[in-house]
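Copied over from TrEMBL:
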type	residues	note
DOMAIN	1-124	domain 'Cytochrome b/b6 N-terminal region profile'
TRANSMEM	28-48	transmembrane segment
TRANSMEM	60-81	transmembrane segment
TRANSMEM	93-115	transmembrane segment
Amino acid sequence: GASFFFICIYLHIGRGLYYGSYLYKETWNVGVVLLLLVMMTAFVGYVLPWGQMSFWGATVITNLLSAVPYVGNTLVQWIWGGFSVDNATLTRFFAFHFLLPFIIAAVTMIHLLFLHETGSNNPLGLNSDVDKISFHPYFSYKDLL
């Protein structure tokens, strides 16, 4: 289920790239934040059932976070609760995994709000008057009979 959800998100991003939606900067940037939030939620949800992360995973993520200029060390202390993975870390991850979907819902509303401001009520570009008879073919055929 989650893998298919990410496939749908990637298809949505691909559609946005194809139709040039990246030109709407506010909508696009909120969408990028939305993607990152979904990825963070998936990550903490993926780590939770393990009981604890592998030492390799914890080392890689700790190194990545600690490389952030100025705030790296504080970031590691805040996210992990220290430089080791223990029950406090798992409790924190459970809290993030519970809270992030609500934040995702709020950011989704902001994403739709920005989309609505551009006036797009037909995102697929479908013809809304397919039931109408076009002028030329109808009358040309009628006149021939």
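Glycine residues also receive a Cβ, built from the backbone N, Cα and C atoms like all the rest.
Note on the domain 'Cytochrome b/b6 N-terminal region profile' (1-124): mean pLDDT across this stretch is 82. Helix first, then strand, then coil: DSSP counts for the domain 'Cytochrome b/b6 N-terminal region profile' (1-124) stand at 98 helix, 0 strand, 26 coil.
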